[in-house]
Each structure stands twice: as structure tokens, then as C-alpha cells.
Ligand SMILES: NC(=O)C1=CN([C@@H]2O[C@H](COP(=O)(O)OP(=O)(O)OC[C@H]3O[C@@H](n4cnc5c(N)ncnc54)[C@H](OP(=O)(O)O)[C@@H]3O)[C@@H](O)[C@H]2O)C=CC1
Ligand SMILES: CC[C@](O)(C(C)=O)C(=O)O
Ligand SMILES: [Mg+2]
Ligand SMILES: [Mg+2]
């Protein structure tokens with residue numbers, strides 16, 4: 001089995017004497033900044049003035065411009081949206097890098113696809129939590145954590161691995177498990193996971209199930225509970241004990257239906273299309289499309305996002321969740337931490 005590291009395998013001393021700049025205070029940024037601070041590290045957040053800036057100040061974090069935070073830090077974690085990282089790096093981070101600094105990422109996209117080319121005299125590594133930033137924060141506060149991958153692209157100081165592991169421990173990942181990876185593996189598997197399974201595959205499956213029931217004349221509210229709301233309860237069982245734990249809790253009728261009908265929904269053709277998606281990621285075709293979409297100011301992204309938010313499943317869901325305060329309370333208001341309208 002691949003070596004998995006936990007808190008007791010990691011000495012965080014190497015990071016205690018260093019200043020850490022967290023650039024960005026969105027989903028990942030707020031979680032890294034607050035977790036590291038509460039783990040005893042010296043943190044400054046780098047931002048432009050705006051909603052995230054106000055939120056960071058409200059949270060009691062030291063906030064400066066991206067340039068000033070980068071200048072005073074030894075370890076610079078870039079937690080800006082992937083698509084804006086190259087220009088902000090060029091303008092405000094690169095001119096403030098010193099030999100021996102560490103440049104850190106939570107996703108390998110810009111290094112792997114050559115959108116950021118760092119100087120040779122700095123460490124470059126990634127610490128990539130395998131979960132949404134708001135859960136990186138929530139689980140840390142609960143005394144738990146989200147697993148993370150670490151990978152070294154450049155080790156100019158000879159300390160990159162130690163610093164990466166200390167950082168991963170500081171955000172709480174050492175409570176859940178830390179695994180070594182490469183920038184290539186993290187980038188390709190992360191993009192594949194979010195497109196084929198976690199986000200793209202799941203959204204498409206949920207919507208197709210909902211539409212099938214509604215088009216057959218069933219109540220939209222029943223279809224919502226069946227295909228979206230209950231998914232969380234089923235996924236909790238998967239998370240806690242894998243497929244067998246989920247199958248232990250459901251009825252034998254459901255389990256038989258799972259065995260008989262699951263492979264009719266996701267079949268060899270689906271797997272062939274998954275392989276095409278993976279191939280587009282590996283060849284850089286997906287990255288190129290996303291970079292060009294941003295250069296064109298995101299016309300397709302905006303149109304699709306609008307249509308998706310108007311889908312019947314979203315309208316019904318909004319109404320039903322209003323009546324479930326315990327669900328509403330848990331909802332993540334991304335706008336609280338991110339002011340960029342397109343995010
Ligand atoms: N979301 C997630 O859970 C995960 C993300 N990652 C990676 O983490 C990185 C960050 O993603 P994510 O947390 O989703 O990002 P978000 O979109 O949630 O947050 C972006 C942050 O960057 C700030 N920002 C945007 N533009 C600028 C600018 N020009 N100058 C200064 N600050 C700016 C925003 O502040 P403002 O309010 O001013 O707009 C906001 O605080 C990415 O590399 C992503 O791939 C990795 C694992 C999971
Ligand atoms: C699953 C989406 C993700 O890769 C993540 C939360 O890990 C992301 O890029 O946000
Ligand atoms: Mg991910
Ligand atoms: Mg991702």
C-alpha cells in the first residue's frame with residue numbers, strides 16, 4: 001500500500017520560523033489561513049480590496065496587498081482562482097520572490113500546463129486537499145480533517161518536502177492522511193475526478209434522474225427528495241464505510257436493484273466516454289479550452305451557469321430547503337467569502 005502519513009510522522013518545526021502568505025481568501029484560502037493560524041503558524045493574507053478583504057479582517061486575520069504579503073513571506077500559497085493566477089503571479093508575486101522562498105499551490109494546473117514558470121531558486125510544491133475548502137475548515141474545527149496530497153516540483157532549498165508536510169499538517173490534513181503525488185498526477189486526477197464523477201458526473205446523473213421522474217408525471221418535490229436530497233444521506237454511508245456500508249444500510253430490494261440497474265446506467269459506453277474525458281485532460285485539450293474561454297471573457301460559462309440556475313430542480317430545491325432550516329444553516333454561502341461575481 002502507498003505510504004500514508006499522519007500527524008505523528010510529521011515534525012512541523014521547519015515551518016514555525018517562517019512567515020506564510022495565503023494569497024486569496026475564498027473557499028480554500030479562508031480555510032488554510034484560519035487552520036494554519038490556529039495551528040500556531042505566522043500567517044498573512046494577500047488580497048485586493050473587496051469582499052474577501054473585509055471578511056478576512058472580520059475574521060481577525062492580518063491582510064495586506066498581494067505584493068506586500070508576498071514580499072514579507074517565506075512561503076507563498078497561491079489560492080486564487082486557477083484562471084487568474086498567471087497574471088496576478090506575474091504582476092504581484094514574481095517580483096517579490098526571493099531565493100529560498102517556497103511557492104505553493106493547492107492544484108497543479110498552472111505549473112503542469114506551463115502557465116506559471118517559476119525561477120529556479122525557489123521551492124515549488126503543492127499541498128492539495130482532497131475536498132472543498134469550506135469542509136477543510138469545518139472538519140478542522142470539529143477536530144478532524146480532509147486528506148491531502150503533496151508533491152514537489154522544485155526543491156531548491158533541500159527542505160521542500162519537510163515544509164510541504166508541515167504545511168499539510170497545519171491545515172489539518174495529517175488527521176486524515178497525506179499522500180505523495182506529482183504535479184502531473186494531481187492535476188490530471190483532480191480534473192478527471194471533478195469532471196467525470198464528483199461534480200460533472202454527479203450533476204448530470206441527478207438531473208437526468210429528476211427529469212426522468214418529472215417527465216413521467218411524478219411530483220417534482222418527490223423527484224427532488226429522491227434524486228438530490230437523499231443522495232447526501234447515501235454518500236454519508238459511502239464516506240463512512242464504502243460501498244458495503246451503504247449496501248448494509250439499504251434494503252435488500254434496493255441492493256438487488258443496485259446490482260441489476262446500476263450497470264445499465266453506467267455501462268461500458270459511459271466508461272469509454274470517461275476515457276475520452278481523461279484523454280482530453282492528459283493532452284491539454286481541456287486546459288486549452290478553459291484558458292481560451294477565459295481569454296474570451298467566459299461567454300459559454302456565463303450562459304451555461306444561467307441556464308443551470310434556472311433548471312426546475314434548483315427552483316424546487318430552493319423552495320424545499322426554505323422549509324428545512326437545519327439544511328439551510330449548513331449551506332455554504334460562497335458569496336460571503338468570494339466577491340467575484342463569476343465565482
Ligand atoms: N474550491 C476548492 O475547494 C478547491 C480548490 N483548489 C484550488 O485552490 C485554488 C483556489 O480555489 P478556490 O478556493 O476555489 O478559489 P475561490 O474562487 O473560492 O477564491 C478566490 C479568492 O481569490 C481572490 N481574488 C480573485 N481575484 C483576485 C485578484 N485579482 N487579486 C487578489 N485576490 C483575488 C478572491 O477575492 P475577491 O473577494 O477579492 O474576489 C477570493 O478570495 C485553485 O487553485 C483551486 O484549483 C484545490 C482543492 C479544492
Ligand atoms: C471536486 C472539485 C475540486 O477539485 C475540489 C473541491 O476538490 C475543486 O477544484 O474545487
Ligand atoms: Mg479536487
Ligand atoms: Mg479541482
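A Cβ is built for glycine as well, from the same backbone N, Cα and C atoms used for every other residue.
The domain 'KARI N-terminal Rossmann' annotation in TrEMBL covers 2-181.
The annotation NADP(+) binding site is assigned in TrEMBL to 25, 26, 27, 28, 48, 52, 133. Sequence-distant contacts (6 or more apart, same chain, Cβ under 8 Å) of residue 133 (NADP(+) binding site) comprise 26, 27, 28, 29, 30, 31, 32.
In sequence order, 82, 126, 128, 186, 187, 190 are the residues of the chain that are 6 or more apart from residue 107 (active site) and have a CB within less than 8 Å of its CB. Annotated active site per TrEMBL: 107, in sequence order.
Taken from TrEMBL, the feature domain 'KARI C-terminal knotted' covers 182-327.
Residues annotated as Mg(2+) 1 binding site in TrEMBL: 190, 194. The Cβ of residue 190 (Mg(2+) 1 binding site) has 20 other Cβ atoms within 10 Å, all protein chains considered.
Taken residue by residue with DSSP, residue 230 (Mg(2+) 2 binding site) is part of a helix. Taking a C-beta cut-off of under 8 angstroms and a sequence separation of 6 or more, residue 230 (Mg(2+) 2 binding site) has no same-chain neighbours. Marked as Mg(2+) 2 binding site by TrEMBL: 190, 226, 230.
Same-chain residues at least 6 positions away in sequence with a Cβ under 8 Å from that of residue 251 (substrate binding site) are not found in this chain. Residues annotated as substrate binding site in TrEMBL: 251.
Cα of residue 52 (NADP(+) binding site) to Cα of residue 194 (Mg(2+) 1 binding site): a distance of 25 Å. With a cut-off of under 6 Å between the Cβ and any atom of ligand 4, the binding-site residues 48, 52, 190, 194 reduce to 190, 194.
The binding residues for NADP(+) are recorded as 25, 26, 27, 28, 48, 52, 133; their greatest pairwise CA distance is 20 Å. In the structure shown, across all protein chains, 28 is the one of the binding-site residues 27, 28, 52 with the greatest number of other Cβ atoms within 10 Å. Within the same chain, residues at least six positions away from residue 48 (NADP(+) binding site) with a Cβ under 8 Å of its Cβ are 65, 66. Reduced to three states, the DSSP call for residue 107 (active site) is coil. Secondary structure by DSSP for the domain 'KARI C-terminal knotted' (182-327): 128 helix, 0 strand, 18 coil.
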